[in-house]
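Here's what TrEMBL has on this protein:
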DOMAIN    11-310  domain 'Amidohydrolase-related'
BINDING   13, 15, 99, 247  Zn(2+) 1 binding site
BINDING   15, 16, 17, 41, 136, 219, 251, 263  substrate binding site
BINDING   99, 136, 174  Zn(2+) 2 binding site
MOD_RES   99  N6-carboxylysine
ACT_SITE  247  active site
Ligand SMILES: NC(=O)N[C@@H](CC(=O)O)C(=O)O
Ligand SMILES: [Zn+2]
Ligand SMILES: [Zn+2]
């Protein structure tokens, strides 16, 4: 196979940051994706509909001329989010989901939820309105090993949440374990999951063998090979419960290559190429379109895109760095390495 044409994909989990960073990173996603669910973990976080709509305008202003890219906005759930705010968000027609960050679990999650019981009214409103709750699924308990935090989250938080709100639509974001893949596959249709390209391509050896590679450090952290294989199985299964979410998370080179490096992999510039590589290695390229372009909109109740994109079999090398802000640069995942697929146009 030398070309692969598919319905234009969407990215159901994307970080674009704000301010001057937008013009550095929005074009990369707009070139590949039709729409993207925009993560609200800014400083300060996007907690109101008004903030989400203003942020949306700033993103749209950074979309290059001639490209059609629709940011699907989200709110950042806090202990103080009200049912009224959820109603306002839903009524806007532009805010499509609400994000749960357990306080302290990941980048910019300090204002996150300390106890889900405090959000009960907001979550009940979401269940009533059919608005999905997007979940960073890791516990923050200092006693729990970082490699076990997702599996423990299923027992301690995800199961009780779904029992209390059985009709709530939930997306288990960026799943990284066989435990999460199995839990989602066996759950009713209101639970789905996004999977990143990097968790499909790499296990933790890639980050830790032969020297520590900070650009592979993200949260949830890369796991052992058995888990990567379970994710591949889920993504290529054809199940509508699994869909594309890059979790592309830009941080300046200096913030990654540091004694205390930030979590996040910048994958947006070659997102589709990275997914194609993973699907081809699994002998499942024909399943890429469902995962990348159909399952996400179907779950969110949005129309599928009508345009197409074409991947071409062509060797090319990812740049070592890309321009970021204020003279800084950013390192894309797999910088300086050769990929076998390239998006045309
Ligand atoms: N995935 C990451 O490692 N980082 C994300 C936050 C997140 O999605 O958890 C970021 O905002 O940098
Ligand atoms: Zn996260
Ligand atoms: Zn993320």
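The backbone N, Cα and C atoms fix where each Cβ goes, and this holds for glycine too.
Under 6 Å, Cβ to nearest atom of ligand 3: this is the test, and of the binding-site residues 16, 219, 263 it is passed by none. Around the Cβ of residue 247 (Zn(2+) 1 binding site), the number of neighbouring Cβ atoms within 10 Å comes to 26. Within 10 Å of residue 219 (substrate binding site), counting C-alpha to C-alpha distances, fall none of the binding-site residues 13, 15, 99.
In this entry, substrate is bound by 15, 16, 17, 41, 136, 219, 251, 263, whose most widely separated C-alpha atoms sit 19 angstrom apart. Among the binding-site residues 13, 15, 16, 41, 136, 263, the ones whose Cβ sits under 6 Å from an atom of ligand 2 are, in sequence order, 136.
Residue density at residue 17 (substrate binding site): 20 other Cβ atoms are found within 10 A of its Cβ, drawing on all protein chains shown. Residue 174 (Zn(2+) 2 binding site) carries neither a helix nor a strand DSSP state and counts as coil.
Within the set of binding-site residues 13, 15, 99, 219, 247, 15, 219, 247 have a CB atom less than 6 Å from some atom of ligand 1.
Distance between Cα atoms for residue 15 (Zn(2+) 1 binding site) and residue 251 (substrate binding site): 10 Å, as a whole number. Looking only at Cα atoms, residue 17 (substrate binding site) sits nearest to 247 among the binding-site residues 99, 174, 247. Distance from the CA of residue 174 (Zn(2+) 2 binding site) to the CA of residue 136 (substrate binding site) is 8 Å. Surrounding the centroid of the Cβ atoms of 99, 136, 174, where the record places Zn(2+) 2, the chain contributes additional residues within 8 Å, namely 13, 39, 100, 101, 106, 134, 135, 137, 173, 247.
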